[in-house]
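A short write-up of the structure that comes next.
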Amino acid sequence: MKHIFLIGMMGSGKSSTAVALAQRLQMPCEDLDTSIEHIGEQTVKQIFEDKGELHFRQLEKLALREAVKKSSRVIATGGGIILDQSNINLMKSAGTIVFLRTSLQMLLSRLQNTADRPLLGSDHPQVALEKIWHERASLYETAADLIADTDGKTADEVAGDIEGLLT
């Protein structure tokens, strides 16, 4: 089996679903945000604050390139991975892209008390999230090979849905 890439908005459950799916499929799991923090020697939030989004996106591209060189695994990507077409092309050539589709209302509910989301670090996080959601929704759908809806589901339920879609 090739790599399985989970894409979607922040708060869609990519990291937790990746762990659950990897357990179900008995595959390794990798979270690109963790890989980026290792490469950049800072937290994602610190990278954004100290070096900006462009530097973060460069580290993200590097982390993705390194991840696809490894044995097949479930990979939780960052929400903005689809902003660079070369990332999409690399994921498509290396495996299956699964979009964790989550409604804006559910994302707002999940993220309302989160302080460590750099792109929401404004006085109006709801407005910021809505803007990002509208900018990216069609990009996720276009990039995806498969779509799994997450509203009202646990990470394990979503992982089960994905397992079914993969067979």
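In case you wondered, yes, glycine gets a Cβ from its N, Cα and C as well.
The ATP binding site annotation in TrEMBL covers GLY11, SER12, GLY13, LYS14, SER15, SER16, ARG117. Annotation note: SER16 (ATP binding site) sits in a helical segment as assigned by DSSP. Of all Cβ atoms in the shown protein chains, 16 besides its own fall within 10 Å of the Cβ of SER16 (ATP binding site).
When Cβ atoms from all protein chains are considered, those within 10 Å of SER15 (ATP binding site) total 17, not counting its own. What TrEMBL lists as Mg(2+) binding site is SER15.
Here TrEMBL flags ASP33, ARG57, GLY79, ARG136 as substrate binding site.
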Of the binding-site residues listed (LYS14, ARG57, ARG136), the greatest number of other CB atoms within 10 A surrounds the CB of LYS14
How many other Cβ atoms are found within 10 Å of the Cβ atom of GLY79 (substrate binding site), counting all protein chains shown? 20
C-alpha spacing of GLY13 (ATP binding site) relative to ARG57 (substrate binding site), in angstrom: 20
Note down the number of other Cβ atoms within 10 Å of the Cβ of ASP33 (substrate binding site), including every protein chain shown. 21
